[in-house]
Each structure stands twice: as structure tokens, then as C-alpha cells.
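Engineer: I have a structure here, written as C-alpha cells, and I will follow up with some questions on it.
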């Protein structure tokens, strides 16, 4: 009986050990970091998405002596600066952590907002809104987006979508807020900007406090008395291996999958922003009122919020590269159909379709880049990916503006063609990794 009981107890112990499960990736610390990253995108890229209201106000009130093309650079250049300084912000965050870069970026961003409120001329606006604000935004958003993937492996695409979705929410809230202050409530431009700055202060403080690197698990150190003293050669070997490992991690950024991913995003970003910038003017060209046309920007950003989160759930299960290719190709098809929407209902449907289809592009680029790179260089990988797309953010919309003289069909073809070509390059990156069509890459 004793022997039988002993065997039973041993069996029970084995069952208990085999029932051990891996801890959940969703901890308090990881969820706070994700929320902080979402707020960082809300106050940075989300504000950039509100430039349409500034374009209209500058053109009609503040600097009416400048052409719409000149004013458009005040929106294009900060987008360029966010991408241009992304590699520096990402590498710095990998080396010293995200707190200092985000703090510095927050200070620059707030100074820029309050300087915009004092600006009266074009060159003052360009320095404050075009240069200083763009640099500050880069050092806030890039370190935050690079830290979040370090907490997640299984759900990386989902949480990347949640963090980037902050920009979509900002693209809905900021345009409506500034439109209400400038046109409905009679608040001056200077105080509208200052109110925006005061709103940003606590949000940026939350970003600084919540976006932290994961806590490294302590490594067990063997007892020196029980362990023979190693020779000098063996003592130096781990240091050399550590240096070699870091070098190997950085080599990933020069491999064909990573380079093809970057190339595909460079091409796609030239056409990606065109519908966001010109959907309102297209609505006006159809005879819709400017007050109605204004809300199409909020609609496309609202739809992209769901497009950034929901595809992430599918991507974690069926492959991040697979879903990125499908999303980009779908956005291309929708872009080609732009001018077929000629009624209010049709344009609303088209705007929702493009916002949802294109939403996954910005979120899954982070998930794909960090899938290829080690967690120790995640911010560097994201920074290099975004830095490579900076020219698309700078020249894509002005080129589209130059094509506008040929009609909106030219914009549809421009946007759709570039998105389609970009999806082909990212598909090549996917098949370089695994040639099987059914592989979850």
C-alpha cells in the first residue's frame, strides 16, 4: 500500500509539472508600455494627420499671400522629419533606453507648439512646425514603438497595431478639436495652439513614465567555491561571443528580406498618403460642401484605427508578412477605384474601405521589421525602416499635387500603382524567407 501510494504521489507530481504553462505576455508593465506608445502616436502622427485644418486656415487667414503648394510643405516637411530622424532616435533608444529620447522629444515638441502660436510669417511657421515639431515627434514616437515589441512575441502584430492606432485616433480627434476652436468657438489661432500644447503635457508625461524596457530576468551565478576557476582564455571568451552576437544581430539589417521589406515600404509610402491628403478636395470637386468634405479626413482615420488593430490579430496567427502583402494589395485595388465614388454614400464607403485596407500598412511594418531583427536592436530596425521611407513622406503628396492638373484619375493611378508595386516587393521579401505558399511568414 505504501509503495502504491508513493507511486501515485509521484504520478501526481509529474502531472502537476507537465501542466505548467508559459506566463501571459499581457502583464501590467507590458500593457502600460503599449498604452504609452499609443499616446505617443496620438500626440505626434495623429497631429500630423490634422494638417488639413491648418492648410485651410493658413491659406484663408494667417498667410493668404502664399500658394497652397507652398503651404503644403508645412505639412509635408514634419512628416519627412519624423521619418528622417527615425534611425537616430531608434539607435539612441537601443543604447540608452527610451526615457531620455522621449523626454527630449517631448520638450522639443512642446516648444514647437508654443512657437507656432507666436508665428506670423511663413518662415517662422516652417522652422517651428516644419522642422522643430517634426524632430521632436520623431524622438517621441520611434523609441516608444521600438520598446513595445520587446514585450511580445506571440501577439506582436496585435500590440503594434494597438500602439500605431493612436495615430488614427489622433487623426479623428485633433482635426475636430482645432476646427471647433478656430471656426466655431471663436478662439484665436494662438490660443488654439496653446490649448493643444496644454493637452499634450500630461499625455507626454504618461508616455515618459510608462514606456520602459522589459526587466531582464536575473541570471543564476554558480558558486565560486563549487566551480573550478576557469583559465584566462575561457574567461575572455564570453565577452568575445557577446560582441560577435551583437554584430550578427546588426547584419540582419543588410539581408535580402529586410532590404526588400524596406524597398517595398519606400515605394508604397509615395502613394500611401495621397488619399489622406486629397480626399477632402475631391469631395469639394464633386460639389459637396467644405464642412462635409472636412469630415472625410476623420472618417478615413477612424476606419484606419480598426484596420491597424484587427489585421494584427490575424497576422499573429497566419503570418505578418502574408497579411501585410494582402493589406497593401487590397489598398491598391481600392485606390484604383477612387474616382468611381461620385456620391456622398459612395465616397463614404470608399473612404472607409481605403482607411481599413491601408491601416495595417503602418502597424505591420513595425511587426515585420521586429520579426526579422533581434529584440536588442528593435528600435534600430524600426528607425531604419522608417528612415528609408522619409522621401516618400516628403515628396509623395507634392508629386500628387502636381499630377492633379490631369484630374483625380491621375491621383488614383499614382497611389494604386505604387501600392501595388510595393506589395510585390514585400511579397518577394516573404518568399525569400520561405518559398512555400502556405507558410506562415
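Note that Cβ sites are derived from N, Cα and C of the backbone, with glycine treated the same way.
This is the feature table in TrEMBL:
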type: DOMAIN; residues: 30-441; note: domain 'Major facilitator superfamily (MFS) profile'
type: REGION; residues: 222-241; note: region 'Disordered'
type: TRANSMEM; residues: 31-51; note: transmembrane segment
type: TRANSMEM; residues: 71-93; note: transmembrane segment
type: TRANSMEM; residues: 100-119; note: transmembrane segment
type: TRANSMEM; residues: 125-145; note: transmembrane segment
type: TRANSMEM; residues: 157-177; note: transmembrane segment
type: TRANSMEM; residues: 189-211; note: transmembrane segment
type: TRANSMEM; residues: 258-280; note: transmembrane segment
type: TRANSMEM; residues: 292-310; note: transmembrane segment
type: TRANSMEM; residues: 322-341; note: transmembrane segment
type: TRANSMEM; residues: 347-369; note: transmembrane segment
type: TRANSMEM; residues: 381-403; note: transmembrane segment
type: TRANSMEM; residues: 409-432; note: transmembrane segment
Engineer: Under 8 Å for C-beta pairs, could you tell me which stretch among 31-51, 71-93, 125-145, 381-403, 409-432 has the largest tally with the transmembrane segment (322-341)?
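Structural biologist: Stretch with the highest Cβ contact count: 409-432.
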Engineer: Going along the chain, which residues at least six beyond the ends of the transmembrane segment (71-93) come within the CB cut-off of under 8 Å?
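Structural biologist: For the transmembrane segment (71-93), the sequence-distant neighbours (Cβ-Cβ under 8 Å, at least 6 residues beyond its ends) are 44-45, 48, 51, 54-55, 58-59, 63, 100-101, 105, 125-126, 129-131, 133-135, 137-139, 141-143, 146-147, 273, 277, 379-387, 389-395, 397-398, 401.
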Engineer: Cβ under 8 Å, sequence separation of at least 6 from the ends of the transmembrane segment (100-119): give me the contacting residues as numbers and ranges.
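Structural biologist: The answer is 40, 43-44, 89, 92-93, 125, 127-129, 132-133, 135-144, 189-194, 196-197, 200-201, 204-205, 207-208, 211.
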Engineer: Out of 31-51, 125-145, 347-369, 409-432, what stretch is closest in contact terms to the transmembrane segment (258-280), meaning most Cβ pairs under 8 angstroms?
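Structural biologist: Going through each listed stretch, the top one turns out to be 409-432.
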Engineer: With Cβ-Cβ distances below 8 Å as the criterion, list the same-chain residues six or more beyond the ends of the transmembrane segment (347-369) that contact it, or say none.
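Structural biologist: Hits for the transmembrane segment (347-369): 145, 149, 156-157, 160-161, 163-165, 167-168, 258, 261, 265, 268, 272, 275, 279, 282-283, 286, 288, 296, 299-309, 311-312, 315, 320-321, 323-324, 327-328, 330-331, 334-335, 337-338, 340-341, 378, 381-382, 384-386, 419, 426.
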Engineer: Grab the same-chain neighbours of the transmembrane segment (292-310) for me: Cβ-Cβ under 8 Å, and only residues 6 or more beyond its ends, written as numbers and ranges.
Structural biologist: 49-50, 52-53, 158, 161-162, 164-165, 168-172, 175-176, 179, 275-276, 279-281, 283-284, 327, 344, 347-348, 351-360, 362-363
Engineer: Sequence-remote contacts (6 or more beyond its ends) of the transmembrane segment (125-145), Cβ cut-off under 8 Å?
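Structural biologist: That would be 36-37, 40-41, 43-45, 47-48, 54, 58, 62-63, 73-74, 77-86, 88-90, 92-93, 98, 101-102, 104-113, 115-116, 119, 160, 163-164, 204, 207, 211, 366, 379, 382-383, 386.
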